[in-house]
Ligand SMILES: NC(=O)C1=CN([C@@H]2O[C@H](COP(=O)(O)OP(=O)(O)OC[C@H]3O[C@@H](n4cnc5c(N)ncnc54)[C@H](OP(=O)(O)O)[C@@H]3O)[C@@H](O)[C@H]2O)[C@@H](O)CC1
Ligand SMILES: [K+]
């Protein structure tokens, strides 16, 4: 399990509101003080990120996110910056009303936005239009402002949440700000790290606003970030060992025309340290599988006896890469699930499960992408992406196992409701065979004795970190086998 600290905790919007309220009620921190701290933290971040900047365009909505923006505008003006302020609406509510009044009292001017508003040029733009209070897709003047902010030529700093983003789910039901940096307050909102959130926030910073830990006790978190240091959960190896100690992974799949998937999964299992890896595939694929990787063993899965002999030697199964859903694949899948061995199920292994929900072994990890998750839950892909956290939890609970829901900000969910989110990975990993590599990685970790949760968390982390290491600044054109060397580095804890 990742180590718990507030910098790795992810909260729902509701949980952050409860922390705000607890800070005000029990922590002796009035809302206006929290707002002042938020503005101070954001202005400090702005100066750090854009040290040359001296001119500012500030966009303020009518809620407390706008309040943060008014106070930041004051701070900038006090520091002799040239500040222009554009507001949505004539009035502000709650604590933001006092912030707006203070801005006006000190001679600050406000341009109230309409559909013709053009944003003044400046070095940096501050987005205080909407934070966690966004209640619906922005339309009309609000949508116009977001589009104008996206067309702004200077730097863009979002306060708390890029405007338009649903901070719970990372979805954007309408126009959304694409920020260069986001300073979030009180606690990380989980939607910043998954789905559209990963493309909207830019560089992320968190300021706890000085709310002490005891105030947050008992409130969430909903989820935890997987940290780079989690890679150390694999114990160091002693020298007096043999390969039998590190398990025997059997990869089952590779129907006619698809030997590559099992070959990739097999090498991935070896590269994270599995002792032995065998591949059960079509007879005609054996040469292709072991041809340039003689450390793999490959056998023809062409009848019940050969399958049983292979299952008897294995300690962990990975079922699904290139398996197909025909009679050959179905028979192998059925036998494998009934063997009761620790199991990773992917690709057509998942599609077969959606068609025929057999009970799964006690140690099982499912690794669906959103399309496979939709088939398993009997909904469409859009419904999965609309609330990835709920979807991952529903899958883990329905199938009583650990689930890795792949995609930007991959989620690992357990049947008891626990969730971890992987903040690593890059768009170069949206390419053929990457899922097969993840399957092999998780199976290879199960083979070394990790439980389903640890193997899924570590496997997802190691896969993403290896992807980042292999991609460097060149994610486009990265292929799955580019990860192999990097997997070996990451699983041995080599600094990047
Ligand atoms: N003490 C604290 O709590 C602290 C809070 N802090 C800050 O407060 C932020 C949360 O503030 P918040 O709750 O006031 O919500 P916020 O994001 O400003 O938006 C609400 C306003 O927008 C409006 N609106 C919504 N959707 C809309 C749409 N589609 N199109 C048009 N209008 C729309 C909505 O109007 P209504 O829905 O009523 O029409 C309402 O007026 C948080 O992110 C952080 O930055 C920090 O200072 C730390 C201390
Ligand atoms: K904002």
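Note: Cβ is positioned from N, Cα and C throughout, glycine not excepted.
Here TrEMBL has 65, 163 binding K(+), and the candidate from 101, 123, 127 in that same listed site is 127. Take the AMP site that TrEMBL assigns to 406, 407, 408, 409, 410: the candidate from 378, 433, 435 listed for it is 435. Close to residue 163 (K(+) binding site) in the fold, though at least 6 residues off in sequence, lie 59, 61, 65, 127, 129, 130, 131, 134, 138, 145, 146, 149, 176, 177, each with a CB less than 8 Å from its CB. Among the binding-site residues listed (64, 68, 163, 369, 406), 163 have a CB atom closer than 6 Å to some atom of ligand 2, in sequence order.
Its Cβ placed at the centre, residue 435 (AMP binding site) has 25 other Cβ atoms within 10 Å.
Among the binding-site residues 65, 68, 134, 136, 160, 408, the residues whose Cβ sits under 6 Å from any atom of ligand 1 are 65, 68, 134, 136, 160. Candidates 64, 66, 68 (binding-site residues) were compared with residue 410 (AMP binding site); none lies inside 10 Å Cα-Cα. A helical conformation is recorded for residue 68 ((6S)-NADPHX binding site) in the three-state DSSP classification.
Within the same chain, residues at least 6 positions away in sequence whose Cβ sits under 8 Å from that of residue 409 (AMP binding site) are 170, 193, 194, 195, 197, 198, 388, 421, 422, 423.
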